[in-house]
Amino acid sequence: MTQAALSSLVSALSRPGLHWGLAETGDPAALFLQEAAAMARARPPRLAEFTAGRLAARRAMQAAGCPPAAIPQGADRAPIWPRGLRGSISHAGGLAIAVIASDGQSPGLDLEPLTAIDPALAAEIRRPDEDGDLLRLFSAKEAAFKALYPLVGVMFGFHGMHVDLSRGFARLTDHPETATIAPDFHSARFPVFQATDGGLLMSLCTIRPEYLA
């Protein structure tokens with residue numbers, strides 16, 4: 001798993017309005033005060049992962065022409081992006097990748113090693129009306145949730161989202177956990193893109209501004 005593989009995945013999934021940043025390691029001393037405070041009790045592996053993610057995010061901000069800024073962690077552990085930006089961070093195999101948008105769209109990103117998921121988890125991840133590889137379903141749902149959650153503020157499980165891998169979209173389902181989400185989101189289909197390289201699977205979901213009113 002290398003940055004070269006990540007760069008290849010970015011090339012495969014790049015879309016207009018998105019800006020990317022990659023990182024392998026980072027110095028915790030470079031964290032902003034708000035970020036360091038959130039990690040004060042973190043174990044070294046988690047601190048390293050968090051630091052690399054923030055470094056990747058700031059590189060994405062630089063690519064977008066934005067000055068570096070703190071990205072604190074909310075009570076729900078989700079990143080709090082600077083005003084005017086939406087973004088997503090993911091990690092796998094000691095690598096971190098971030099994507100941001102400044103044009104109003106909400107991106108969600110998931111990076112996974114290409115290793116099989118325990119079949120015992122299939123019923124938790126896959127709905128009866130879904131087909132396809134379990135890892136791809138898992139990753140697509142993770143990316144779609146990360147794109148949607150900042151907009152709706154509602155936590156829901158895997159069965160609250162239906163993914164059609166063959167047609168490349170995700171949608172909300174009529175599930176008790178999604179009942180409070182606005183109807184406009186329920187009627188929408190959100191595009192999901194996937195690519196593999198260097199033993200990694202990356203999934204990207206983008207929600208356009210027309211769903212954000």
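Glycine too: its Cβ is placed from the backbone N, Cα and C atoms.
Record features, source TrEMBL:
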BINDING   R46, R54, S90, H91, D110, E142, K146  CoA binding site
BINDING   D110, E112  Mg(2+) binding site
DOMAIN    35-101  domain '4'-phosphopantetheinyl transferase N-terminal'
DOMAIN    127-185  domain '4'-phosphopantetheinyl transferase'
Inset, instruction - Starting from each candidate's C-beta and looking 10 angstroms out, tell me which of the binding-site residues R46, R54, H91, K146 has the most other C-beta atoms. - result: R54
Inset, instruction - Give me the Cα-Cα distance between E142 (CoA binding site) and E112 (Mg(2+) binding site), rounded to a whole Å. - result: 10
Inset, instruction - Using DSSP reduced to three states, classify S90 (CoA binding site) as helix, strand or coil. - result: strand
Inset, instruction - Mind telling me which of the binding-site residues S90, D110, E112, E142 has the densest Cβ neighbourhood, counting other Cβ atoms within 10 Å? - result: D110
Inset, instruction - Between the Cα atoms of R46 (CoA binding site) and E112 (Mg(2+) binding site), find the distance and write it as a whole number of Å. - result: 17
Inset, instruction - Using only the residues recorded as binding CoA (R46, R54, S90, H91, D110, E142, K146), report the maximum Cα-Cα distance in Å, whole number please. - result: 20
Legend entry - DSSP-derived helix, strand and coil totals, residue by residue, for the domain '4'-phosphopantetheinyl transferase' (127-185): 28 helix, 8 strand, 23 coil
Inset, instruction - Compute the average pLDDT of the predicted model within the domain '4'-phosphopantetheinyl transferase' (127-185). - result: 96
Legend entry - Helix-strand-coil residue split for the domain '4'-phosphopantetheinyl transferase N-terminal' (35-101), DSSP-based: 24 helix, 16 strand, 27 coil
Legend entry - Between H91 (CoA binding site) and E112 (Mg(2+) binding site), the C-alpha gap once rounded to whole angstrom: 8
